[in-house]
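A.B. asks: Handing you a structure now.
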Amino acid sequence: MKTSILILAAGLGTRMKSQKPKVLQELCQKSMILHILKKAFALSDDVSVVLSHQKERVEKEILEHFPKTQILEQDLQNYPGTAGALRGFEPKNERVLILCGDMPLVEQTSLEALLGNNAKLNLAVFKARDSKSYGRVVIKDDGVEKIVEFKDANAREREINTCNAGVYVIDSRLLKELLPLIDNNNAAKEYYLTDIVKLAKEKDVMIKAVFVDEDEFMGINDKFELSIAENFMQEKIKKYWMQQGVIFHLPQSTFIGVDVKFVGECEVYENVRIGGKSKIINSIIKSSSVIENSIVENSDVGPLAHLRPNCELKNTHIGNFVECKNANLNAVKAGHLSYLGDCEIDSGTNIGCGTITCNYDGVKKYKTIIGKNVFVGSDTQFIAPVKIEDEVIIAAGSTVSVNVEKGALFINRTGHKIIKNYYYKKFQK
């Protein structure tokens, strides 16, 4: 049976206390709504999102990554609430999966289990450790009797710890029949989607409760819950990669972006941050290093190194306090305290301490190209654009602003001068 998916993302998100819409808050370097959409499109080709607050901003983010998403707009002024969000929604398939845009931890396998039940109305529920302000689910004879919103629950109903996760699977025809019957006769004067349970019961529809994991189905409403959710996601990411053979030393101290990939035998030490679409292949990343959108193959990086975006390292050693950006390094050694930006450096080359590629003139950036088996002495500056051919020696303390031919020695120090007894003349009273 084919399924249409509707994601509710029209809320104001005031508890997040941010100018950024709630569903655009990031977990592991990806917006909440994008986490949900990835799982939704894995299950269906008919996916819609309901927006309202900062609609244009959220819509732009969604369509940039998932251009086939259908965007709907909720009239919050006249039809507030979760049922109000469904006005104008026309599913293409026989049933509808309704999700919340602030549930980025939900796994595809859990949604598949929910869809595996053939009841006309299924809802995800969980046993809450702390029921807080969740809607309470009253279950009787293996079926759902009703859902009571916290604001409308009496003292006895508030003692129930079976709570509504806010995720539903409903027959499309049943939804079309019952949705117009939902009113706003409640404390909040909102149109509650939960009322569809009561209406379905009145028509003797069997309603099935599917128990799910509370942590996985948590809704994120503020920055504290955002941090909790990101910790959960980090644990999942690192657990997955450890099961694939990656070694993490003190994994709780490292941050791995959701789009990062590891290949082969890799080792990651404490306090490392790897983000973007970085790919680490058979490499060691040592303590307190940062890697952003870069490829590292058969190399070791760090400690205390920084690979900014668009670096590609192969068979290379990058030591402490070395920063690279937009750098292609093949079998290179850069042991310490250097900046290598907008450059290509070939095999066998050694970069001395304090080397800088001066790539920016205040308007435009330029490239430094260094060939094979070049020895670069300490405290060297390359004034780009500049090309150093193979088997060149650059003397320590050089400022290189011209191309250097193969096999040459480059040196441009000024002559030295020694003034005897100068110290005593300057400081003697």
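Glycine is treated like the rest: Cβ placed from N, Cα and C.
According to Swiss-Prot, the protein carries these features:
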ACT_SITE  His336  active site, proton acceptor
BINDING   8-11, Lys22, Gln74, 81-82, Gly135, Glu149, Asn164, Asn221, Arg308, Lys325, Tyr339, Asn350  UDP-N-acetyl-alpha-D-glucosamine binding site
BINDING   Asp102, Asn221  Mg(2+) binding site
BINDING   Asn359, Tyr360, Ser378, Ala396, Arg413  acetyl-CoA binding site
REGION    1-223  region 'Pyrophosphorylase'
REGION    224-244  region 'Linker'
REGION    245-429  region 'N-acetyltransferase'
A.B. asks: Cβ under 8 Å, sequence separation of at least 6 from the ends of the region 'Linker' (224-244): give me the contacting residues as numbers and ranges.
C.D. replies: 16, 25, 27-28, 104-105, 215, 218, 251, 254-256, 258, 260, 262
A.B. asks: On the DSSP side of things, how many residues of the region 'Linker' (224-244) fall into helix, strand and coil, could you say?
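C.D. replies: Secondary-structure composition of the region 'Linker' (224-244): 20 helix, 0 strand, 1 coil.
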A.B. asks: Can you check which residues sit near Gly135 (UDP-N-acetyl-alpha-D-glucosamine binding site), meaning Cβ under 8 Å from its Cβ, same chain, 6 or more apart in sequence, and list them in order?
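C.D. replies: Those within reach of Gly135 (UDP-N-acetyl-alpha-D-glucosamine binding site), by Cβ under 8 Å and sequence separation of 6 or more, are Ile147, Val148, Glu149, Phe150, Ala153, Cys163, Asn164, Gly166, Thr194.
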A.B. asks: If you average per-residue pLDDT over the region 'N-acetyltransferase' (245-429), what number do you get?
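C.D. replies: Across the region 'N-acetyltransferase' (245-429), the average pLDDT comes out at 96.
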A.B. asks: Tell me the Cβ neighbour count for Tyr360 (acetyl-CoA binding site), meaning other Cβ atoms within 10 Å of its Cβ, over all protein chains shown.
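C.D. replies: For Tyr360 (acetyl-CoA binding site), the 10 Å Cβ neighbour count is 12.
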A.B. asks: Select the closest residue to Arg413 (acetyl-CoA binding site) from the following recorded positions, measuring between CA atoms: Ala10, Gly81, Asp102, His336.
C.D. replies: His336
A.B. asks: Under a criterion of Cβ-Cβ distance under 8 Å and sequence separation of at least 6, what residues of the same chain contact Lys22 (UDP-N-acetyl-alpha-D-glucosamine binding site)?
C.D. replies: Gly11, Leu12, Gly13, Met16, Met32, Gly101, Asp102, Ile220, Asn221
A.B. asks: Non-local Cβ contacts of Ala396 (acetyl-CoA binding site) (under 8 Å, 6 or more apart, same chain)?
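C.D. replies: Result: Gly352, Gly377, Ser378, Asp379, Thr380.
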A.B. asks: Please report the Cα separation of Ala10 (UDP-N-acetyl-alpha-D-glucosamine binding site) and Tyr360 (acetyl-CoA binding site) in Å, rounded to an integer.
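C.D. replies: Just about 44 Å between their Cα atoms.
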A.B. asks: Calculate the distance in Å between the alpha carbons (Cα) of Gly81 (UDP-N-acetyl-alpha-D-glucosamine binding site) and Tyr360 (acetyl-CoA binding site), and round it to a whole number.
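C.D. replies: Counting only the Cα atoms, the answer is 53 Å.
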A.B. asks: Which whole-number value in Å describes the distance between the Cα atoms of Asn359 (acetyl-CoA binding site) and Tyr339 (UDP-N-acetyl-alpha-D-glucosamine binding site)?
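C.D. replies: About 10 Å separate the Cα atoms of these two residues.
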A.B. asks: Whole-number Å distance between the CA of Arg308 (UDP-N-acetyl-alpha-D-glucosamine binding site) and the CA of Tyr360 (acetyl-CoA binding site)?
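C.D. replies: Cα-Cα distance, Arg308 (UDP-N-acetyl-alpha-D-glucosamine binding site) to Tyr360 (acetyl-CoA binding site): 16 Å.
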A.B. asks: For the acetyl-CoA binding residues given in the record (Asn359, Tyr360, Ser378, Ala396, Arg413), what is the largest pairwise C-alpha separation in angstrom?
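C.D. replies: The widest Cα-Cα gap among those binding residues is 23 Å.
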